[in-house]
Amino acid sequence: MSGTILENLSGRKLSILVGSLLLCQVLCFLLGGLYAPVPAGHTNVLGSLCRENHARQNDTSFFLYSRGEGSCTQVTREEVEQDSMKLANQIVHVFQMPLPRDSRVLDYSRWQQNLIGVLQVEFGYDSSSELREPPKELQLTIDMRLAYRNKGDPDHAWKLYAHGVEHRYLDCVAAHIGSSETLYTCDMIPLFELGALHHSFYLLNLRFPLDTPKQMNLQFGHMHDLTLTAIHQNGGFTHVWLMLKTLLFPFVVGIMVWFWRRVHLLQRSPALLEYMLLYLGGALTFLNLPLEYLSLTIEMPYMLLLSDIRQGIFYAMLLSFWLVFAGEHMLIQDSSNKSTIRSRYWKHLSAVVVGCISLFVFDISERGVQLRNPFYSIWTTPLGAKVAMSFILLAGVSAAVYFLFLCYMISKVFKNIGDKRTSLPSMSQARRLHYEGLIYRFKFLMLATLLCAALTVTGFIMGQMAEGQWKWNDDVEIQLTSAFLTGVYGMWNIYIFALLILYAPSHKQWPTMHHSDETTQSNENIVASAASEEIEFSNLPSDSNPSEISSLTSFTRKVAFE
């Protein structure tokens, strides 16, 4: 058989290919580092106090807003302090987004993709109160109304986006103890999450109803400042991200078609590794598909969930591929039968599948529900927060364990090849030079695989922590840089692109000759290959299994059986 392109490509051509791919990798890092802004931005919005309109208090089509024609009657902090009841049930906390800048009205762009809101709460107790420390897991009931309007709409033309009465649990500490009151500040609480940023302006009305019969919000003194942190994806980063996807998508599709065409030209059924390469390329193509362009014209609140599903499919396929890739090159089998998922890898891949399904269930339990209720969050209850944190920690530990196991498998591959290499001195010079060249190329590819796996696992763990840092209580700050994101994304494409090229079947046709003449000619070709990088590796005559895709595999298995 003719083997793979990795085996038959000349040293100079292989160097040009590897150099070109490394240059593309550097460009991906520079694209994010020099041209893209940080992936996400945030704005802190201090809530305005508006006096409640009791006649329309239960009308969900009525909204109070602080800027523009027809704005609400605002209440000062002094008026609240002077009232004996602190204006209970008479105040609405209003957040109008985005904030103006330099007297210019700003609006959200659909390029910003999504919007997440978290709330910082401060409240006070009279110093005469016996309560000095608020109870832990303090339950707060909030009437939330989220509205929107678009550019060109009148200032009062707010339309309801979502409404709900939700519970949040606070963990607070005393920030200032004064002679008249004690001020408490609380950890940030998740408020809402929008999977699509389709409209120009958003308005949030928050009410904290006091109800004695229902024991609602009676444990609080009175509200002080409320600060909403609105987090969104930066539009400039989305431009760069979609440009990268648009450029990479046709290249991956083209190389997949080319690869599978070469496989089907062979007079054998595709090997397991060839099937896995095709599935991996398909998962990458699905990830590369720039569906985000549709969100610029169509409101797609499920885009965040869809992005998580696409990335989850890719992670599952990539992790599975690495196990099969390393396993196929460990080259230790009890028989020379063709490898299958069921016969060799079902235990390894079952663990990957179970882990990915668990993460999918966790994701759908939050973002799936948010399609109907954007105020829902699994982090809002103490039990839910512990479960969510446990999932994040478990995902990080599992990723680290997977990487260590992959390192173990690759170390066994190197050990096995080292053991088989002891048989090289007994071979002819031509055959020894041939296999030494193949082993060198193979080791380089395995080290590149290990580097790709390390960056992937690091990116996964940092991504999980960055997503949860606004929702947990620890003071942990994780910032994924644009250069890291575009670099890792480009690395996935370049790595899989290289594998599809290097593991594609080589269709070089070698002349048919008698055994003695064939061996002489083969020796001459290989010695010439060692002397000149222009001459390509040629296959040594062997009785290798026609199902093998690599003569290195054939060599090591042959030695193993002997």
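Any Cβ shown, glycine's included, is placed from N, Cα and C.
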In Swiss-Prot, Tyr202 and Gly463 sharing a membrane side: yes
Annotated N-linked glycosylation site residue, as Swiss-Prot has it, among Asn8, Asn58: Asn58
Number of other Cβ atoms within 10 Å of the Cβ of Asn58 (N-linked glycosylation site) across all protein chains: 8
Selected stretch (most C-beta pairs under 8 A with the transmembrane segment (14-34)) from 271-291, 312-332, 442-462, 483-503: 483-503
